[in-house]
Amino acid sequence: MSAAAANTPSSSATILPFAEHSKVARDTRPLRLITCGSVDDGKSTLIGRLLWDTKAVKEDQAATLHRDSGKQNDLGLPDFALLLDGLQAEREQGITIDVAYRYFATDRRAFIVADTPGHEQYTRNMATGASTADLAVLLVDARTGILEQTRRHATIAALMGIRQFVLAVNKIDLTNYDKAGFELIAHEFRDFASDLGIKQITAIPMSALKGENVVLSGKASMPWYEGPTLVETLELATVRSTQSGGFRLPVQRVSRPGESFRGYQGTVAGGSVKPGDSVVVLPSGMVANVKQIVTFDLVRNAAVAGDAVTLVLDRQVDVSRGDMIVSIEAQPLTGLAFDAQIVALQPGGIEAGKRYWLKSASRRQRVSVQPVSQLNLREGEWQAHETSLPMNAIGKVRLSFDETAIFDPYEQNRATGSFILIDPDTNNTVAGGMISAKRSTGATEEQGDRVILSLPAGLAEKLLAGELLAKHRDEIDIRRTDAATASRLIGDLD
C-alpha cells in the first residue's frame, strides 16, 4: 500500500478492494481479531466503541457505563474503555493488563476480539491473544506516530502467523484531522511491515471516542479519506482455513462402552475425513481404514476441522490418548528434535538445557530446551543467545525429545504446530511456542546413508504396520508416488 495514495479506494483497503464491497464473495465465518499497540493509544476505547455502535452492550452495562464515565471522562462522551477494563487494577490505573475477549456482530458477520495490554511488561499477554487471531488491528496515536511498542506488537503478531493488518491511526481529531500526518504514519509503517513479510495492510484514520470511521463514516470530518471504515474492512477479511491440509485427529480418549465398540475421540485439528479413507496412527505407524464417524447422537458421512467426533476403524490397532490419527497421503512431521520459537511467560524465564513437560494438543511428553537466539524487538533482529530466556523474551530454541514427537509447522496448522512448556517443579506454564521445522539428528541421515525402497502401497502399509518398522517409524521417510515416477527414480540411481 502506498501511503501517499491512502486517499484512494483501491489503496486504502488492500485486504480486498473496497470499491467492490457489495460484490465480493464474502467469508462469513466468525473472524478472530486482536487489538494491539502502545499504551494509551486507545485500544480499549476502540473496542468499547465497536460494542456500543454494533448494539452489543446490554442495558445494565450501558447504565453502569454512563454512571462511571463521569468519574474519568470530561469530554461529554461515555468512557467506552470501561466496557473492557474488568480488573480493579485496570480501572485504577486506566490501563489494560489481562487479555479481554468480547463478541459482537453485524448483519454480515460475527467477530471475536481480544483487547491486549500495551505495556512492555505484559508482552506475554499480548502474544497469547495473537496466537488465535486472523487479523490484527494495530493502533497508533496520530500525535505520536509509530513507537517501539508498536513495532514490538507488530513483530509478535507477524511471528504468530497473522498476515492481515489494520493500521488504525487513532485520535486523528486531536491533530485537526491532519491528512499529511496520517499519510506519513501509514508510509512509515508500510516500510517497517515489509521487513516482516506483511503485505495486507489497511490504514484508516479514526477517532475511536467520537466513533469516526469505526462503524460509521467519518467523511464529514475527513472528506479527503475515501476508504472503508474499520467494520467494513473487518467484514471483508479472510479466516485461515484448517480444512485444506491433511487430516489430523489428536486422540483425547479411547471409548469402550462395550466389547463390540471401540472408538477414538477428539476434535479434528485439520483437514477432513470420511468412511473408507486410509489413515495412519502416529507415532506407531499402524495403518487402518475409517469404518465409521460417530457423534453423540448420529452417524456422519464426513468430519472436518473443528468437529468433535468418535472415529471407528476397520481393524484393531493400538491407540491411546496422545496419539494422532492422520491421513496417509499428507502426514505431519515426526522425530526427536525440532526447531521452534517460544515466548517466555513466567518471571523465571526459560533455563537452558532444563527438561520441561511439553503439551501439544492431547500429547504430553518430556523435552529438553536449548535457546539459540533471542529477538531484539528494538532493532527487529535475531541475536545469538544460548543462555536462559527472561520473561517476555521471544527466542528461537531447539527441542530434544526422549520419545517421538508429532507436529506440523505452525505456518501450516496452528493446532498441531503449537505447544506450551510446563515447569515440572511448579506445574506453571512457562512458555508458549510454535514449531518451525524438524531438525536432523541422525549421523546416517546427514551422510546420506539411506536406502530407497519402491513398494506397492498395499505392501508398504503392511510393512509399516509390523512391529519392527513401527518401532522405527520416526526414522522412515514415506513418499507416495505413481509407478512411472518410481521407475524413473530407481533408474536415476543406476
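Here the Cβ of each residue, glycine as well, is placed from N, Cα and C on the backbone.
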Labelled region 'G2' by Swiss-Prot, one stretch among 94-98, 394-398, 454-458. Can you tell me which?
94-98
Which of these ranges is annotated region 'G4' in Swiss-Prot: 170-173, 194-197, 262-265?
170-173
Using DSSP, break the region 'G1' (37-44) down into helix, strand and coil residues and give each count.
2 helix, 1 strand, 5 coil
Tally every other Cβ atom lying within 10 Å of the Cβ atom of D40 (GTP binding site).
16
Have a look around T116 (GTP binding site) and count the other CB atoms within 10 A of its CB, chains all included.
28
